[in-house]
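The signal peptide annotation in TrEMBL covers 1-20. The feature domain 'Tetratricopeptide repeat protein 21A/21B N-terminal ARM repeat' is assigned by TrEMBL to 41-247. The annotation repeat 'TPR' is assigned in TrEMBL to 194-227, 228-261, 264-297, 298-331, 399-432.
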């Protein structure tokens, strides 16, 4: 109780209350002690009544502030605001100006009024903290130019890195890049302010200058090696720049973390790096490690399956894809990959069963193409066409589905419909080299529209100039035109690029026989021992 008494003397002994209308200080002390008790128990209504009693003795600013505090705790913001405004009609008291500005900012989002009263306060008492609050208000309002003006004053009072950093950030928001970058550089120069380096890195990253971004971010990481998130971002930048060795060094370090999420995420980046480098077995090893740590990571199961598939370990791929489906039975991508594997093995029943298990809402263009491919492999071209048309009807206006339709119609020797869908593909994508070549070759094979065939295949070759199939096609156009010397030139080149392709070899032999009937065909061919 002695401590409270001395607090009372400190608060009231030097105030105007001491010279006012209070005839019995003991009454005042007793009321104040009770106010503190009510405050401790959260009984603000009773505390307010006692404060009002005290305010009847004198309109002391401390009591006004205390009353405003209780009103705010009771969410009676209008009353608190009006209380402060009424007091300010008589006197611009710093504490009340500050609290009123805070009410306008926090509870009314009225930044203009908050700025008005905080500016009044700064005229009375120019403190760094008040200026900082004013700067933040201008920033909240989106008036970056005035916020910069306040930061100019702050830097004049205290040229700290934080202020240079804030001003630099605002300059960048206004598009004043030269000034912004200069301030950020100054912020770092002053006392190695790490946020400035990070902001510079972020700026250059957004500009697409990844090399400069790496320069600044690596400096931050060197100064603050404990910042795992920054290390991770630096590793990702190295990946984007194809500087895989540096990226591997970072992610291998992060892999040692005790944080499971950070550890497994770093391992996924390492897997991604080795995938890009086509070191598939190494990439697979990381996904296997992740599965050991976190056996409910559906994506790791999927990618482990996909990598096993690339490595032609189909049994292991099936195991991983099934693991993904055990976690998420509706994981469509895993089902699609299983369909591909089972179809390669000729297990079409399993493939169709899996496809039928895919929810109708998830049946995209791949669903229809995979299902049609099963019927295509079985030689059931009409069924394949029916499935693909169902896909088109479902809204899949896709060049690949039209290409598949053309392939199936061509198998049925329905040139008219094959042509129709190939033209549709080319309409959607004029640079679809496969469609250009397919249509041109189909014309050449039938001996029709040979000039059109030449133009189509020529476009395909402009896109893929070294594709042996396309070179063979244009050679076959010349053959059909009877231009055997020109045909020989192309067909020989196609054969040398792909001597293992039987159709290309057959075309080459035919033109040899036309041009050189008295020579042995074998003299023109590549032999295994050569």
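Every residue, even glycine, has its Cβ placed from backbone N, Cα and C.
Fair warning: this is a prediction, and the values are worked out from it, not measured in the lab.
Long-range contacts of the repeat 'TPR' (228-261) within the same chain, counting only residues at least 6 positions beyond its ends with a Cβ under 8 Å from a Cβ of the stretch, are 198, 205, 210-211, 213-214, 217-218, 220-221, 267, 269-270, 272-273, 276-277, 293-294. A Cβ distance under 8 Å defines the sequence-distant neighbours of the repeat 'TPR' (399-432), meaning residues of its chain 6+ beyond its ends; these are 365, 368-369, 372-373, 376, 381-382, 384-385, 388-389, 391-392, 438-439, 442, 446, 459, 463. Among residues of the same chain six or more beyond the repeat 'TPR' (298-331), those with a C-beta under 8 A of the stretch's C-beta atoms are 264, 268, 271, 275, 280-281, 283-284, 287-288, 290-291, 337-338, 340-341, 344-345, 359, 362.
Residues in the repeat 'TPR' (264-297) partition by DSSP class (helix H, G, I; strand E, B; coil) as 27 helix, 0 strand, 7 coil.
Regional average pLDDT for the repeat 'TPR' (298-331) in the model is 98.
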